[in-house]
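Student: Taken from TrEMBL, the feature transmembrane segment applies to A:6-25, A:32-51, A:57-77, A:84-108, A:114-132, A:158-179, A:208-233, A:245-267, A:287-310.
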Amino acid sequence: MISKLQGKNFWLIVIAAVLAAFPLFSDSRTMTILLTQIFIFSILAMSYDILLGYTGIVSFGHAMFFGVGAYTTAVILDRMEPTLGMFLLSIAAGMVIAGIISFIAGLLTLRLKSHFYAMFTLALSGLFLVAAEKWRTVTNGNDGFTFRAPEFFQDRTMFYLTALICLILVYLLLSRFVASPMGRVLIAVRENEQRTASLGYKTLHYKVTASVVAGIFASLAGSLYSVSLRFVNTSVMTMDITLDALLMTIIGGVGTLIGPILGATVIEFAQHYLSGLARDYPIFERWIIFFGIVYILAVIFFPQGIVGWFRQIRAKRSGKRAAAIKAKQPVLKAKAEENG
Amino acid sequence: MDLLLNLTVNGLATGMLIFLLAAGLTLIFGLMSVLNFAHGGLFAWGAFSGVFFYGVTGSFLISVIGAVLTGVVLGFITEKLIIKPVYGNHVQQILITLGFMLVLSEMLKVVFGPNQIAAKTPDYLSGSWEAGGVILIKYRLFIILVGLLVFAVVQFILKRTKIGLVVRAGVINKEMVQALGIDINKVFLYVFMAGAGLAALAGALMAPYSGVVYAEMGLEFAILAFIVVVIGGMGSFPGSLLAAILVGLAGSYMAYFVPSLSLAVNMILMAVVLIFRPQGLFTAKEA
């Protein structure tokens, strides 16, 4: 099993290296921007999966944390001078604010059934959207405002690399987090909350922690997003962002960290090409419908997403091989689940 | 005085519309603990089809009936295609109904075009009455009347008829009802269709009230309905009426006196209820 893990890590390192070297080979501006976008949304989707996939909590307010990060960074860089130090400070500030909000939201609703967190975050993010529209002195409403990014990011490639490094760091941090005793308890909560509670774990503490971790990293994604555009408006708070995170996580595969990254890649590429097609075929202007239908079908027939599907195939194959040798399928199946 | 009365009428009218939406939500939740996030989509469909039928037939009554029928048919489709397959899995239900909400509101844009559409008030309901120096807008009073009527009818059905008895029993203990040989899934389907019809009715009445219909209105109103369901207590029908009136009035007064807080006040109300009475303000039952 250790060698298997190393094999997986080996391929991840190869992919990361190829992505890091990508600007050397290609100077395609659209591709660089698209990939940067994918890195940022991968962070968002991973943070969402900490809630949905690992703890079994549905949040409909993820755009709120994303928007808090985006606005905090934009406002600080706009009001202060745009330096790297300020950029880091603004990220930290966004994370702290998002952490506080997600802590309160979690504390209020996670004692109750799962519906409450979904409803409360939906309503709270609606409130934040209205606040962003109305609080014009800070946000400039729906028109938004442009700001200067730090000198360092004037070069697209530098920002591309920064986003990639952030993605790798968040991936490593979160994979450490979900493998920690804390993360194991979260998975236990997802599988059977009552049983976990009866084992003596204070499940509320764990669920609130998951909520805070998810909020913090969503805010980081928002900070990066606003710097990548050098512009922010209320669209960062809309339901679309939450839906993106949701789609990416579900289609990629819940309960894994690779899944959301895969999902973000698939969805961003699909969005890119479908909106390109929309210029020729007007029906593609409503491409969200296709996503909605794919999403519904995925929830019904395909709840484990792309990663889950691959795992099934692999488990089947190795299962067959094992069956041919010794008929040891249950053990292998248990192992396949353990990998998750 | 004049102002206060107008604000009250306004708040009551909005409250009644939210109530029509929340009534279906709360009964569906009470019966099968399905939280239907697509409810706002059904509401928006009601609004659009109401405007459409009004434009075609020119009769407000027919347009409302057409909208309700659209809602009932959509409710049937939703239950059969969307809720049934993931029955019993809460997380999947929440996810799938939200996805369907997305499809419903995008379908609106495909069928009726992406722009907002103006909605007319019928002649006999537009204008206002003046009584003793107080101006009362007819259409708002009409909405309040319809809301109270619906409440009375549904309350009558729930309390005085056999199907109502089954529904109330199902809310309290679903397994027991099943054990008595009643097909609870069929009851649920009917309640779901009725709830969808009420949501569409709310949409059809909302259209002339706000003057325009747009695809995003579904989500906006659904948020208010969720707040109402939390405040009133999940599964409580009278609770949803009282909470809807509370939310409507709070919104109306706040929008006038402290406009920046008009949405926040409902959130604060909801937060307070969640802290102190998570089972809802108007229910005795433990959550």
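The backbone N, Cα and C atoms fix where each Cβ goes, and this holds for glycine too.
Unlike curated entries, TrEMBL annotations are predicted automatically.
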Student: Which of A:6-25, A:57-77, A:114-132, A:245-267 has the most Cβ pairs closer than 8 Å to the transmembrane segment (A:84-108)?
Tutor: A:57-77
Student: Determine which recorded stretch among A:32-51, A:114-132, A:158-179 has the most C-beta pairs below 8 angstroms with the transmembrane segment (A:6-25).
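Tutor: It is A:158-179, which has the most Cβ pairs under 8 Å.
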Student: Using a Cβ-Cβ cut-off of under 8 Å, list the residues of the same chain that are 6+ residues beyond the ends of the transmembrane segment (A:158-179) and lie near it.
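Tutor: Sequence-remote neighbours of the transmembrane segment (A:158-179) are 16, 19-20, 22-23, 32, 35-36, 39-40, 42-43, 46-47, 50, 54, 149, 152, 186-187, 213, 217, 220, 224, 227-228, 257, 261.
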Student: Give me the stretch from A:32-51, A:208-233, A:245-267 with the greatest number of Cβ pairs under 8 Å to the transmembrane segment (A:57-77).
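Tutor: The stretch I would name here is A:208-233.
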Student: Who are the long-range neighbours of the transmembrane segment (A:208-233) in its own chain, taking Cβ under 8 Å and residues 6 or more past its ends?
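Tutor: 33, 36-37, 39-41, 43-44, 46-48, 50-51, 54-55, 57, 59, 62, 65-74, 77, 87, 90-91, 94-95, 97-99, 101-103, 105-107, 110, 117, 139-150, 153, 159, 162-163, 166, 170, 174, 177, 182, 186, 245.
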